[in-house]
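What Swiss-Prot records for CYS72-CYS133, CYS84-CYS131, CYS177-CYS228, CYS261-CYS298, CYS265-CYS302, CYS276-CYS288, CYS317-CYS351, CYS321-CYS356, CYS329-CYS341 is disulfide bond. Swiss-Prot lists 249-303 with the feature domain 'TSP type-1 1', giving sequence analysis as the kind of evidence. The domain 'TSP type-1 2' annotation in Swiss-Prot covers 305-357. Positions annotated as region 'UPA domain' by Swiss-Prot, on the basis of similarity to another entry: 687-835. Residues or ranges marked as topological domain 'Extracellular' in Swiss-Prot: 31-380.
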Amino acid sequence: MYLSRIPGGAALAALLVALLLCCNFPPSIAGIEYSDVLPDSFPSAPAESLPHFLLEPEDAYIVKNKAVELVCKANPATQIYFKCNGEWVNQNDHITKERVDDVTGLVVREVQIEVSRQQVEELFGLEDFWCQCVAWSSAGTTKSKRSYVRIAYLRKNFDQEPLGKEVALEQEALLQCRPPEGVPPAEVEWLKNEEIIDSTKDTNFLITIDHNLIIKQARLSDTANYTCVAKNIVAKRRSTTATVIVFVNGGWSSWTEWSPCNNRCGHGWQKRTRTCTNPAPLNGGTMCEGQQYQKFACNTMCPVDGGWTEWSKWSACSTECTHWRSRECNAPTPKNGGKDCSGMLLDSKNCTDGLCMQNKRVLGETKSHLLESTGDVALYAGLVVAIFIIIILLMAVGIVVYRRNCREFDTDITDSSAALTGGFHPVNFKTSRHDNSHLIHPAMQPDLTANAGIYRGHMYALQDSADKIPMTNSPLLDPLPNLKIKVYNSSTVGSSPGIHDGNDLLGAKPTGTYPSDNIMNARNKNMSTQHLLTLPRDSSNSVTGTFGSLGGRLTFPNTGVSLLIPQGAIPQGKYYEMYLMINKRENTVLPSEGTQTILSPIITCGPTGLLLCKPVILTVPHCADITTSDWILQLKTQSHQGNWEEVVTLNEETLNTPCYCQLESHSCHILLDQLGTYAFVGESYSRSAIKRLQLAIFAPMLCTSLEYNLKVYCVEDTPDALKEVLELEKTLGGYLIEEPKPLMFKDSYHNLRLSIHDIPHSLWRSKLLAKYQEIPFYHVWSGSQRTLHCTFTLERYSLAATELTCKICVRQVEGEGQIFQLHTSLEENVKSFDPFCSHAENSVTTQLGPYAFKIPFLIRQKICNSLDAPNSRGNDWRLLAQKLCMDRYLNYFATKASPTGVILDLWEALHQDDGDLNTLASALEEMGKSEMMLVMATDGDC
């Protein structure tokens, strides 16, 4: 029970006792303690102060059914009572204790009560159960702070339990834990393999204020089971165990030393390897990316074994009756590790003539020896003459047979200027009659009527092959004296020499390229020994061509895809049937992952596994807008298992990068040492990259019903993508209404919106229920759907309506757009717009030998000889690469045997359409190579 008031008699008695006690204090003490409350006029009459709490009741928690005790102390205090939830506690429930303070002499009163679980549970309302002390003295009352009494508990389930994870070595790991609800709030500690984590001892661990565990830098020793433990005065709870695995990604060891050249003589390969052991993958870490070995072309000087010269004449007979003869080991001298001559350097034998004084023979014996020696000499001389005559006869017979066999195939061209300039042009032309014979004048025009001198096969100089063009300061195109070029003609060559369609090369002999059937037989024999993939035969998405050491170009018409095989890329004497194939995306695992987008067709060039002596150049179109620097561009290749692997990230090349990419505005030229399947992908740094698209509208060629469909295709801005849509619509009976329009599509997560407007409602109506259609952003950006389109279905009220005018608007939400103003006829004789009509003449797929290149071989050779050697002034191949804008990563060219040759090959690939040699001439002139200045011009139709 609680009391509502305090008895008056008890209060009066307490007041009198306090006054008597105060009168016993010394005046000095009383003055110090009560100077702030008594007036200055009564310093000798002290008064009792307000009660001061020495101990106030604390918050308490009831565990199970055990009551809690609340205690308070105060002085000076005549009475102390508890007040709980605004009501006085019954006097009988108080336990009071009194004592006198030894220092102050004041009475210290202590009061104690108990609060049970039942009292707390009987309280209704939102406020917790509370109690406070009220103390009295003669000066008045003082209240203590409130203490709250709550029933303690701890729920069983955690609000959030830690989850196991895998973390890379030395990376940060976060384990989250939200303990169960409880009163008082639970304290949290973490266990690692059942041992408490002390973050003060191991500073690699951090326990945050919200009870999360952070591993700052994961160590292998941190691989363990982690448990979050929550506890308070009631109970202790454990979370489920979270397993943390610290994994190690594999790292490459250092490269080994280059192995010796595998060929003791001539061209070969050097190899070096590395292992994925620095560190080795651990606990599920990834294997190393990149090549495990590298190859490097080498050229070892062939060893020359020594050979003896002829014996010298015998020396005069000495007094010891001995004469000598000698020989030298210099025919040839041993070089490059060749063997020394074996045998004797000096030879001696006994003699009896000369100064020899022993065993004099009679004159008759001497004469007989002389006659015998004379007979031997005559015999040997006769044999030598007979052998010489036989050799002459055999040579004469061989020459006669050779001339008879080659009478229909040989033509000698003695004009060196015509031979040289003929290398510049794929057809014959009339030479300019100017005095300066070492320049090619820009006024030279192709002679389309002349047939003499047209190149139809291999070109051979009849001079010694060892007579190479030296590095000189003389003009590059000096007249070549008495140069003869042997040209093999063939009666089966067509009107375009050196140019063949890919279908003619599948199993058929490439006429006009190889002079005899023996070479083709050799080619078939060589190819039969190669372990190559089967060539594709689907002419709709592949082209093929047969190439030898003279190289050539394989072009996929109307797709922007081509393969340039430089001269010397294929080993001498071998011929390969090579192919290009555009893979259908619906049948191929896509190379893009995450936020990456496909930027080019997926191209397979083969056969794979070819041993190439020089890099080939694969040209593929792309649809990235490279005017912005927000792209991360990658070239990927597909392994035999079908997985895509990164070959190179542009601008992150290293010496181990196996290829080089020359990026142009609409295409990429890739120098490859290995043939295979390749694709170009990209993603943006900050979601501002732009992808070029094409919008094409198709309508049915013939419409006999009231419904009329307009299809709006959204494809990548590459020729092959539009070509695929054109072929698809042709099979469906559709035609292209007007020229496709470009659209810049930004990586902004906004969809592509299409709408139709200005329909003549008196004749037509739209069956589209909404105001517009949308293509989701990811469908467009990913590039996975090649024939992405929307269809607008219109209905005419009568078959008499044969014309339709309307507008179609295509735009990216909050981005760019295009508007098509359409006017189409539904009559039968409609003409489809053909975007490739201007390129119809470029349907040639294969160019062989010199016809594939703009720079003649002799001029190319002289440029390489002049620029390959490093120059202290810097005007060597490095400056040429800079002038031609091919200097993004010069270390790639530096690893090649002829850096200039690779740069010129890349220039050929970049200028396959224009063939403007003036750019090369200007670059050489700016380099200060005045002796190489060329006046180059190409006239004629593209």
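Heads up, residue numbers simply count up from 1 along the chain you see.
Positions of Cβ are set from backbone N, Cα and C atoms, glycine also.
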Fill in the CA-CA distance, CYS228 (disulfide bond) to CYS131 (disulfide bond), as an integer in Å.
36
Please identify, among the disulfide-bonded residues CYS131, CYS298, CYS341, the one with the smallest Cα-Cα distance to CYS356 (disulfide bond).
CYS341
Based on Cα coordinates, which of the following disulfide-bonded residues are within 10 Å of CYS351 (disulfide bond): CYS133, CYS298, CYS302?
none
In the structure shown, with every protein chain counted, which of the disulfide-bonded residues CYS133, CYS317 has the densest set of Cβ atoms within 10 angstroms of its Cβ?
CYS133
For CYS317 (disulfide bond) and CYS276 (disulfide bond), what Cα-Cα distance in Å is obtained after rounding to a whole number?
76
Of the disulfide-bonded residues listed here (CYS84, CYS133, CYS177, CYS276, CYS341), which is spatially closest to CYS265 (disulfide bond) when Cα positions are compared?
CYS341
Per DSSP, how many helix, strand and coil residues does the domain 'TSP type-1 1' (249-303) have?
0 helix, 17 strand, 38 coil
Roughly how many angstrom lie between the C-alpha atoms of CYS321 (disulfide bond) and CYS329 (disulfide bond)?
27
Cβ neighbours within 10 Å, counted over all protein chains: which one of the disulfide-bonded residues CYS84, CYS321 has the most?
CYS84
